Amino acid sequence: MERDARIYVAGHRGLVGAAIRRRLEAAGFRNLLLRTHAELDLTDQAAVRAFFDRERPRYVFLAAARVGGIHANDTYPADFIRDNLLIEVNVIDAAWRAGVEKLLFLGSSCIYPRLAPQPMREDCLLAGPLEPTNQWYAVAKIAGIKMCQAYRRQYGFRAISLMPTNLYGPGDNFSLEDGHVLPALIRRFHEAKEAGAPSVTVWGSGTPRREFLHVDDLADAALFLMERYDGEEIVNVGVGSDVTIREAAELVRKVVGYPGRIEFDTSRPDGTPRKLLDVSRLGALGWSARIPLEEGLRDTYRWFLEHLAEIRR
Ligand SMILES: NC(=O)C1=CN([C@@H]2O[C@H](COP(=O)(O)OP(=O)(O)OC[C@H]3O[C@@H](n4cnc5c(N)ncnc54)[C@H](OP(=O)(O)O)[C@@H]3O)[C@@H](O)[C@H]2O)C=CC1
Ligand SMILES: C[C@H]1O[C@H](OP(=O)(O)OP(=O)(O)OC[C@H]2O[C@@H](n3cnc4c(=O)[nH]c(N)nc43)[C@H](O)[C@@H]2O)[C@@H](O)[C@@H](O)C1=O
């Protein structure tokens, strides 16, 4: 990508979009096209087409989506399937119509079957039933993958699809009900420490396993693949190892410096028992993650403390 190329980062204020923006700016890309949700609602097809017609970016990073943790996905199925389908259809189609040179679409490790053999290879997609708690979001993501592949086949549109594992980092969604596990636990342990609470409750049994990739690593992989990969096949992006939710909670307790106990609320869903990605396709392309989990959690907790007022609003 040329340094002066016009690059649209959709969702630039989110966890991933903000990290992609940081990574592009650090690499000297200055001609970034950015619109907030309030300025451009990507579920509005006419507005999206008019935007692409007017602005004509050369590259698009599609990091805008309706995203949430296990409880949000399970509670708002219609919102998750509708908004993600609309965003994908509108942006991918308008980008092609406006002559965008290359588009990077972000799927998720949730697209794979609930009980896929571990680690999960890209070719196990649609090989079995989905995890019920996020099947709606997963179907929307699978539709986005298929749309990128169909537009490449029929129109030669250079769309590539990345499948990130669970992400965390600065700028995450720290909502206790709607966020993902790591930001929610950082906030829970911090607030328990401040309040002198005797224990912190973690959802589920603590036995599910999750792989966690720092969002700055994901952003680096996104730039790497936008510049070096141009295939129809999806590419998993992860660290290649996982921990139990209990181990993750104990690590967050250590990072936050909370002295109390951990309790488990098994009335809350565990979700997929395990979803470790096979990252050999990405490795063969020459990329691997760098940020270790404990270091990444310390970085995220520092950001959380610096933005407490904004988070608690
Ligand atoms: N977080 C994770 O663990 C993982 C994320 N991903 C994928 O990465 C991508 C980004 O996720 P993440 O950064 O975590 O999500 P965030 O919720 O942090 O960011 C999403 C961004 O999209 C914007 N957005 C949502 N709806 C609309 C809309 N209708 N019009 C315009 N903008 C909109 C949001 O703006 P606003 O907040 O103002 O509404 C926000 O800036 C998604 O595709 C997600 O599926 C994949 C795997 C794991
Ligand atoms: C990222 C990817 O994957 C997401 O699915 P998920 O990995 O199941 O999401 P999660 O991070 O919310 O939960 C992970 C595990 O952690 C446990 N858990 C404990 N305590 C809390 C807690 O306090 N909050 C949350 N959210 N989970 C908790 C929770 O019970 C579960 O066992 C999709 O939503 C979807 O967004 C997607 O694309």
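Note: Cβ is positioned from N, Cα and C throughout, glycine not excepted.
As annotated by TrEMBL, domain 'NAD-dependent epimerase/dehydratase' applies to 7-238.
TrEMBL lists 11-17, 106-109, Lys141, 164-167, His180 with the feature NADP(+) binding site. The 10 Å shell around the Cβ of Gly14 (NADP(+) binding site) contains 21 further Cβ atoms across the protein chains shown.
Annotation source TrEMBL lists site 'Important for catalytic activity' at Ser108 (among others). Ser108 (NADP(+) binding site) carries neither a helix nor a strand DSSP state and counts as coil.
The feature site 'Important for catalytic activity' is assigned by TrEMBL to Cys110 (among others).
The active site, proton donor/acceptor annotation in TrEMBL covers Tyr137. In the three-state DSSP classification, Tyr137 (active site, proton donor/acceptor) falls within a helix.
Long-range Cβ neighbours of Arg188 (substrate binding site) (same chain, at least 6 residues apart, Cβ-Cβ under 8 Å): Leu176, Val200, Thr201, Val202. What TrEMBL lists as substrate binding site is Arg188, Trp203, Arg210, Asp270.
Taking the C-alpha positions, the distance from Gly11 (NADP(+) binding site) to Asp270 (substrate binding site) comes to 28 Å. Highlighted here would be the recorded positions (Cys110, Tyr137, Trp203, Arg210, Asp270) whose C-beta falls below 6 Å from ligand 1, but none qualifies.
Over all protein chains present, the Cβ of Ser108 (NADP(+) binding site) has 23 other Cβ atoms lying within 10 Å. Comparing the binding-site residues Gly11, Arg210 by how many other C-beta atoms lie within 10 angstroms of each C-beta, the top residue is Gly11. Residues Arg188, Trp203, Arg210, Asp270 are recorded as binding substrate; their most distant pair of Cα atoms lies 19 Å apart.
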